[in-house]
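Reviewing the structure listed below.
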Amino acid sequence: MGGKLIVFEGVEGCGKTSQMQLCSQWLESLGVSVVVTREPGGTELGLHLRRLLLEKAEDKPVAEVTELLLYAADRSQHVEQELKPNLAAGKYILCDRYTDSTIAYQGYGRGLNMSLINQLNYIATAGLESDLTIWLDIDVEVGLTRKRGDGIALDRIEQETIAFHRRVQQGYAELAASYPSRIVRVDGSLSKEAVQQVIQEILRVHLKGLP
C-alpha cells in the first residue's frame with residue numbers, strides 16, 4: 001500500500017486537532033501505519049519557526065512578507081525531513097495545515113501577491129501535493145469562541161480581526177470550488193462523532209487501498 005498525504009484545513013477552532021486524532025486511531029485500527037504532523041512545527045527547525053510566527057510581539061511585529069517566507073522555510077524543511085521519507089515508506093500522513101493554509105491566510109487574509117505565494121509553495125514542496133484535503137468548514141466566530149473556551153491564550157494569528165478570518169474563510173471556499181477532486185468540504189458544526197464519520201466515509205471513497 002502506497003503512502004498518502006491527507007491534509008486537514010480550516011479556520012481557527014474548526015476542530016482539526018481532534019479530528020486528526022480520531023482519524024489516526026481509526027486508521028491504526030485498520031492496520032495502517034500513520035504519521036501525525038503539522039505546519040508550522042513538524043520538525044525541530046519548524047518548532048523554532050512556529051514560535052517566531054505565532055508569538056505576539058507588540059513592539060516588533062512580523063512583517064507580512066517575512067511571515068510568508070518563514071512559513072515557506074518551515075514547509076521546505078518539513079517536506080524534505082518528514083513528508084517525503086514517510087510517503088516513500090508507505091505511511092499515511094495526517095498533516096495539520098499545508099499549502100492551502102498559506103493561500104488562505106497570506107493570500108486572502110493578508111492580501112499578498114498570489115503568484116508569489118504559488119511560486120513559494122511550489123519551491124517549498126518541490127511540487128508535492130496532498131492526496132486529499134479535508135476542509136472543516138465552520139463559522140469563524142463559532143471557531144474563535146471555541147478557541148477562547150479552551151482556556152489557552154490566543155496566538156498572534158488567532159488574535160487577528162474578524163474581517164481577516166472571514167477573508168481566510170472565503171479563501172478556503174474558493175480553493176474548494178477550484179480543486180473539487182482534492183479538497184472536500186466537511187460541515188465542522190456537526191458533533192465531533194458525526195464529523196469523524198463523514199471523514200471516514202470520504203477517506204474510503206477517495207483513497208483506494210484501505211483495508
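For all residues, glycine too, the Cβ spot is worked out from N, Cα and C.
Annotated features in Swiss-Prot:
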BINDING   Gly10, Val11, Glu12, Gly13, Cys14, Gly15, Lys16, Thr17  ATP binding site
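A map of Swiss-Prot features onto the structure.
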residue: Gly10; record: ATP binding site; contacts (Cβ under 8 Å, 6+ apart): Lys16, Trp135, Leu136, Asp137, Ile138, Gly143, Tyr172, Gly188
residue: Val11; record: ATP binding site; contacts (Cβ under 8 Å, 6+ apart): Ile138, Val140, Gly143, His165, Val168, Gln169, Tyr172
residue: Glu12; record: ATP binding site; contacts (Cβ under 8 Å, 6+ apart): Val140, Gly143, Leu144, Lys147, Ile157, Glu158, His165
residue: Gly13; record: ATP binding site; contacts (Cβ under 8 Å, 6+ apart): Ile138, Val142, Gly143, Leu144, Thr145, Arg146, Lys147
residue: Cys14; record: ATP binding site; contacts (Cβ under 8 Å, 6+ apart): Leu136, Asp137, Ile138, Gly143, Gly188
residue: Gly15; record: ATP binding site; contacts (Cβ under 8 Å, 6+ apart): Leu136, Ile138, Arg146, Gly188, Lys192, Val195
residue: Thr17; record: ATP binding site; contacts (Cβ under 8 Å, 6+ apart): Asp96
Neighbouring C-beta atoms (10 Å sphere around the C-beta of Lys16 (ATP binding site)):
23
Assigned conformation of Lys16 (ATP binding site) - DSSP reduced to three states:
helix
